[in-house]
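Below is one structure, written out as structure tokens; the observations come after it.
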Amino acid sequence: MQIFVKTLTGKTITLEVEPSDTIENVKAKIQDKEGIPPDQQRLIFAGKQLEDGRTLSDYNIQKESTLHLVLRLRGGMQIFVKTLTGKTITLEVEPSDTIENVKAKIQDKEGIPPDQQRLIFAGKQLEDGRTLSDYNIQKESTLHLVLRLRGGMQIFVKTLTGKTITLEVEPSDTIENVKAKIQDKEGIPPDQQRLIFAGKQLEDGRTLSDYNIQKESTLHLVLRLRGGMQIFVKTLTGKTITLEVEPSDTIENVKAKIQDKEGIPPDQQRLIFAGKQLEDGRTLSDYNIQKESTLHLVLRLRGGMQIFVKTLTGKTITLEVEPSDTIENVKAKIQDKEGIPPDQQRLIFAGKQLEDGRTLSDYNIQKESTLHLVLRLRGGMQIFVKTLTGKTITLEVEPSDTIENVKAKIQDKEGIPPDQQRLIFAGKQLEDGRTLSDYNIQKESTLHLVLRLRGGMQIFVKTLTGKTITLEVEPSDTIENVKAKIQDKEGIPPDQQRLIFAGKQLEDGRTLSDYNIQKESTLHLVLRLRGGMQIFVKTLTGKTITLEVEPSDTIENVKAKIQDKEGIPPDQQRLIFAGKQLEDGRTLSDYNIQKESTLHLVLRLRGGMQIFVKTLTGKTITLEVEPSDTIENVKAKIQDKEGIPPDQQRLIFAGKQLEDGRTLSDYNIQKESTLHLVLRLRGGMQIFVKTLTGKTITLDVEPSVTTKKVKQEDRRTFLTTVSKKSPPCACSWV
């Protein structure tokens, strides 16, 4: 029969061959015609490099087939192959050597059969038919050798037509290998195949075991749509890039095209469309990106930091990350350290489950933040979803699936976008970030699907402190949903919230539209009292205010109640109890304030000012303060600037040591005054005070204690007569 051989110059050679001819024979015929030595020839058919010892019929090469001839580059070089045991093998190779050739060289050196070798470079598994130069492997590059696990198994591939293909595979096969097997069976080119498992599109460079695909698993095959189109990518500098793409292109492909045009590495690119960050493994059509759509390109900030991940066993893992890392990236790092597959990981921060496509900076996760790792329970089960039309959908799920995952499965079955779905179970609307097990949804449970009315709107929630919270809601949201949104923003448990609108308390099971709450309406949030009690607040004018409070109320809450009664803004209030100024973030119970206790209200003087603090070393510190700041506050500011703990600080002004509970205005400290900072010596001691009656009192003091402080010790009643004007006592100091 006749076959054709096409060279890179475009020339076509015609050869007379037989199906039983080896590739070696064919190369000899080419040498006879063109004078090219066989060892400089590489023959390619259907995307594969042909091996010398195989025949044309082995490759299903038939009459009038066309082979492609590529010349091997001359240029010997050394590369290194590192094994998992740490051993490094040195190989003499050429850039034109195939991965298959390299494996043969490894077999010659180490005796490992090629079919048990997996070679990795730059994080990718290398394919037998490709060359070293295809992967940009240069002299002294290091490849990593991983041995294939022996464990052949069958998997199934289901097409959209309903046909099921059976494949013989190994857990270590790459998705690319699987696509090649599908091509062998069905003739579908790999670049037209998309493989889906557990709702995820599988990436070429990953292995079946990476996705936990086991024997008799079923993959779904979707053909890529052919249909080129233009899209635009806008950078933060305002530049617009035009790209030729297909709906079936992955986000990874798009980033590669941007790299080709602009030279920006894919790992520094974040693509945004319709306010969402796009995930590498998803396609443009997955995000409904159509011709002439505009994506926004944001560069990832380079700024490594450490975060901690705490497991339920109490173990803490340290990770090196960047603010721009996605949660998916973080899970991959945890897998590298701990061997836990990403799909079994749930990461929690500030009480929220983190979503794969979002970044650490999206969640305001900063250096030395701690995430909590919860393992997903393995245990597939069936649940039912009932629509308002009466139709029942059956879903295969796991207890650890999020509501978001469930909505995605409904979208796969019914085509309803997740943002139009509301799922109800036991009378409650289910939140995207929570799991089925969080709601105690078990096998054969029935969820109810309600379609969202299109009509998002903003409402405001005003607290007793005067703070206004803005919420994104829909008229169909229940009051329970609204309370959950408030909890997400403010951390207030729903059972401590009372919402008031138009003078009425709102009931959990009713919706905003039931109460005619429309866009930009304002609700009022009142906290439910836990264990109410009365306290009194006495002002400098002598007026006494009675307040209903709870031990768990913060000082901030108390100030808000005073504002409600007296109209005094919280930032002008100072509350004093037992001689101490009370801090906003602390609770009444923190200060042991009980029923019928009396607080004292002092108004803050308006007037920020600068003061100076001079240390014994001669250094001068400048502080921004108010006359109403306590000495304790000032010491805290010094700690912020200089790192000196407050209990080691003594502040002196006009020859007097300043007391923590007093304010700057109490000492007549005005703008640009200078305080002196003396460090307390660590070294407590006992002294004795002998009275004229012969009684001896023992006191625990420090060398830095003032006489005034000694007079105020627990025996202060006894010592009240000791003052500058009274006769001196016979005190012996030891």
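Using the three backbone atoms N, Cα and C, a Cβ is placed for every residue, glycine included.
Lys6 (ubiquitin cross-link) carries a strand DSSP state (E or B). Residues or ranges marked as ubiquitin cross-link in Swiss-Prot: Lys6 (among others).
In sequence order, the list of same-chain residues 6 or more apart from Lys11 (ubiquitin cross-link) whose Cβ falls under 8 Å from its Cβ is empty. Here Swiss-Prot flags Lys11 (among others) as ubiquitin cross-link, drawing on similarity to another entry.
According to Swiss-Prot, the ubiquitin cross-link annotation covers Lys27 (among others). The Cβ of Lys27 (ubiquitin cross-link) has 22 other Cβ atoms within 10 Å, all protein chains considered.
Lys29 (ubiquitin cross-link) has a Cβ environment of 17 other Cβ atoms inside 10 Å. According to Swiss-Prot, the feature ubiquitin cross-link maps to Lys29 (among others), an assignment based on similarity to another entry.
The ubiquitin cross-link annotation in Swiss-Prot covers Lys33 (among others), and the record cites similarity to another entry as its basis. The Cβ of Lys33 (ubiquitin cross-link) lies under 8 Å from the Cβ of Ile13, Leu15, each of which sits 6+ residues away along the same chain.
Annotation source Swiss-Prot lists ubiquitin cross-link at Lys48 (among others). For Lys48 (ubiquitin cross-link), other Cβ atoms within 10 Å of its Cβ number 15.
The ubiquitin cross-link feature in Swiss-Prot is assigned to Lys63 (among others); the stated evidence is similarity to another entry. Of all the Cβ atoms in the protein chains shown, 9 others lie within 10 Å of the Cβ of Lys63 (ubiquitin cross-link).
For the domain 'Ubiquitin-like 1' (1-76), the DSSP counts in helix, strand and coil order read 18 helix, 26 strand, 32 coil. Look at Swiss-Prot and you will find 1-76 tagged as domain 'Ubiquitin-like 1'.
If you look up Swiss-Prot, you'll see 77-152 marked as domain 'Ubiquitin-like 2'. The average pLDDT for the domain 'Ubiquitin-like 2' (77-152) in the predicted structure is 83.
What Swiss-Prot lists as domain 'Ubiquitin-like 3' is 153-228, and the listing cites sequence analysis.
The annotation domain 'Ubiquitin-like 4' is assigned in Swiss-Prot to 229-304 on the grounds of sequence analysis.
Feature annotation from Swiss-Prot assigns domain 'Ubiquitin-like 5' to 305-380.
Per Swiss-Prot, the feature domain 'Ubiquitin-like 6' maps to 381-456; the stated evidence is sequence analysis.
Sequence annotations record features per position, and here Swiss-Prot assigns domain 'Ubiquitin-like 7' to 457-532.
Annotation source Swiss-Prot lists domain 'Ubiquitin-like 8' at 533-608.
Residues annotated as domain 'Ubiquitin-like 9' in Swiss-Prot: 609-684.
With Lys63 (ubiquitin cross-link) as the anchor, the candidate recorded positions are Lys6, Arg54, Gly76, Ser141, and the one with the nearest CA is Lys6. A sphere of 10 angstroms centred on the C-beta of Ser65 (phosphoserine) encloses 17 other C-beta atoms. Across the structure, Ser141 (phosphoserine) and Lys27 (ubiquitin cross-link) place their CA atoms 31 angstrom apart. Taking Cβ-Cβ distances under 8 Å and a sequence separation of 6 or more, the neighbours of Lys6 (ubiquitin cross-link) in its chain are Thr12, Ile13, Thr66, Leu67, His68, Leu69. Using a 10 Å radius centred on the Cβ of Arg54 (site 'Interacts with activating enzyme') and all shown protein chains, the other Cβ atoms total 12. Checked against Lys27 (ubiquitin cross-link), the recorded positions Lys48, Arg54, Ser65, Gly76 differ in C-alpha distance, with Arg54 being the nearest. Of all the recorded positions in the record (Lys29, Lys48, Arg54, Ser65), the one with the smallest CA separation from Gly76 (ADP-ribosylglycine) is Lys48. Considering other CB atoms within 10 Å as the measure, the emptiest surroundings among the modified residues Gly76, Ser141 are those of Gly76. In this structure, the CA atom of Ser65 (phosphoserine) is 16 Å away from the CA atom of Lys29 (ubiquitin cross-link).
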